[in-house]
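Peer 1: Pasting in a structure now, in structure tokens, and then I'll have a few things to ask.
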Amino acid sequence: MEAPPFASSTKTLSFRSSSPSSLLFLRKNGLNFRPPRNFCVRASSAGDSVVTLLDYGAGNVRSVRNAIRHLGFDVKDVQTPEDILNANRLVFPGVGAFAAAMDVLNKNGMAEALCSYIEKDRPFLGICLGLQLLFESSEEKGPVKGLGLIPGVVGRFDSSNGFRVPHIGWNALHIRKDSLILDDVGSNHVYFVHSYRAMPSDENKEWVSSTCNYGDNFIASVRRGNVHAVQFHPEKSGDVGLSILRRFLYPKAQLTKKPTERKALTLAKRVIACLDVRTNDKGDLVVTKGDQYDVREHTKENEVRELGKPVELARQYYKDGADEVSFLNITGFRDFPLGDLPMLQVLRYTSENVFVPLTVGGGIRDFTDANGRKYSSLEVASEYFRCGADKISIGSDAVYAAEEYLRTGVKSGNSSLEQISRVYGNQAVVVSIDPRRVYLKNPEDVGFKTIRVTNPGPNGEEFAWYQCTVSGGREGRPIGAYELAKAVEELGAGEILLNCIDCDGQKKGFDIDLIKLISDAVSIPVIASSGAGSAEHFSEVFRKTNASAALAAGIFHRKEVPIQSVKEHLLNEGIEVRI
Ligand code: 1PR
């Protein structure tokens, strides 16, 4: 079989959780080795406890594996078409692009085996692209023929009606018929991340078990007999998602339906916990937090400010109701991330128990090590995905790519941003922008987009532009946040993480002028970041701007404002959030 374009040559760093070094790592992070919560729920006979997983190597299916293991099952990987035909239950978490996936399935005979398995009504669960591939064809880089089991064509969301594409976040389901695995969803949100979708029609109505509204009513799940497929990600949908997987894996178990207090109606605004991570002076990886990006204590020792341990804090935020967790390796711009094994281990451990999306950023760029070995940014990203990241975030390298693109007017296709979004899809690529506000007396003084500021500058300046920086705010670049945001959207970014160095750690609220400017300028989701000091700051940013999510660090680490109280406040203000 020909290797698919995404099967990169990156060495896989193996890691066994029972090895002494792993146990040491766990202990250093304040964790004891404990079997997963549902360890004792193992099915009785060996065959019963195995889930066959169809992973053709296009991206991160680690979270699906982790969720299956968490529920007490072992995972067997499909190696040959016979493995599909012999499966007791098959999970197909499709990732990557439709055409590339069909190509792999057709070339190795798996397409035929899949059709035969599904036509025999054997237990099947398709996830995301694993749902789309069941349809007749897709418009993604096509038309491309699919497996043809369900009538319909998969098409792209229309962003001209003001809805941001990709559709990223927690949305509500409208259950259309008894679907067994959705019995516990009730009126909770589930997590979607996709740019393409299939539409319900008379021809496929017997299949459709739920729809979701995002501009249109699209198909959120299908069911016929033992065959299920979902457009959303149960493995990333917290407890609700785990119960969907549990119902698929234990179809005969008497599970009691959980009552839900509140009805999910639409796409929720996301609340994200961010962990800025770096090594302290003793060499341990710690969560830190700066004031305007200065993370050192102003003491004689000038030590790195420590606010916790990454795995432990990420787990806590998951339990507290964070809709996503982001790790930013803040010294990644100077240290090579693949040499930073603890950071990769942090991701692996976190993804074992945290079932909401994980983003990781820092140091995603091409790199040559001391021995002259070259690593591409794609290899760095691939390793992050393999270790459990759902999205990667690019900072400095995206600034250079945007500058080059604006200078030449040509998309080279070689930047980290373009390469990673081509292989993993733009929904997997976040661009982190780190601007500083520069006040101006006269808006004509610079060649970048300027705004009239709400609060005048120290010398009464009424205008400002936002200058982008690289290397953790150390170097200002000749490009504005507005120009950068528009350029990276064209180059393939799926989301923008919008920081503001002036507001970082200040607890005075988000920079509303900046977030409004950028969220009005692009049609991809924007995450507001920097400056949250109270729950009211979250409602303010959602009311006054088009941000899709808001992120905070310091107030969560110092336990000043719990995530739950932010959510309760948003609910009271009539803003949709996931509970
Ligand atoms: O340039 O690709 O290596 O990426 C480096 C990444 O590290 C970028 O995303 C950059 O934002 C981040 N970074 C670099 N240095 C720092 C620093 O603080 N010295 N952290 C840094 C940026 C921003 C947010 C922060 C919010 C919320 N941190 O992550 O958590 O501002 O904080 P708050 O709620 O406490 O105000 P590359």
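Any Cβ shown, glycine's included, is placed from N, Cα and C.
So TrEMBL lists these for the protein:
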- Cys128: active site, for GATase activity (ACT_SITE)
- His233: active site, for GATase activity (ACT_SITE)
- Glu235: active site, for GATase activity (ACT_SITE)
- Asp276: active site (ACT_SITE)
- Asp434: active site (ACT_SITE)
- Cys128: L-glutamine binding site (BINDING)
- Gly363, Asn499: substrate binding site (BINDING)
- 53-249: domain 'Glutamine amidotransferase' (DOMAIN)
Peer 1: Tell me the coarse DSSP state (helix, strand, coil) of Asp276 (active site).
Peer 2: strand
Peer 1: So which recorded positions out of Glu235, Asp276, Gly363, Asp434, Asn499 end up within 10 angstroms of Cys128 (active site, for GATase activity), measuring C-alpha to C-alpha?
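Peer 2: Neighbours among recorded positions: none.
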Peer 1: Any idea what DSSP makes of Cys128 (active site, for GATase activity), helix, strand or coil?
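Peer 2: Looking at the DSSP assignment, Cys128 (active site, for GATase activity) belongs to a strand.
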Peer 1: Which of these active-site residues (Cys128, His233, Glu235, Asp434) have a C-beta closer than 6 Å to some atom of ligand 1?
Peer 2: Asp434
Peer 1: Relative to the Cα of Asp434 (active site), which of the recorded positions His233, Glu235, Asp276, Gly363, Asn499 has the closest Cα?
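Peer 2: So, spelling it out, the nearest of the recorded positions is Asn499.
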Peer 1: Among the recorded positions His233, Glu235, Gly363, Asn499, which ones place their C-alpha within 10 angstroms of the C-alpha of Asp276 (active site)?
Peer 2: none
Peer 1: Taking the Cβ of Asn499 (substrate binding site) as the reference point, list residues of the same chain whose Cβ is under 8 angstroms away and which are at least six residues distant in sequence.
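Peer 2: The answer is Ser432, Ile433, Asp434, Pro435, Ser529, Ser530.
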Peer 1: Which number gives the other C-beta atoms within 10 angstroms of the C-beta of His233 (active site, for GATase activity), all protein chains shown included?
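Peer 2: The answer is 24.
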Peer 1: Should Glu235 (active site, for GATase activity) be counted as helix, strand, or coil on the basis of DSSP?
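Peer 2: Note: Glu235 (active site, for GATase activity) is helical by DSSP.
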Peer 1: What's the CA to CA span in angstrom from His233 (active site, for GATase activity) over to Gly363 (substrate binding site)?
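Peer 2: Answer for this pair: 27 Å between alpha carbons.
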Peer 1: For Glu235 (active site, for GATase activity), list the number of other Cβ atoms lying within 10 Å of its Cβ atom.
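Peer 2: Glu235 (active site, for GATase activity): 30 neighbouring Cβ atoms within 10 Å.
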Peer 1: Quick one: pull the CA-CA distance for Glu235 (active site, for GATase activity) versus Gly363 (substrate binding site), whole Å only.
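Peer 2: That separation, Cα to Cα, works out to 27 Å.
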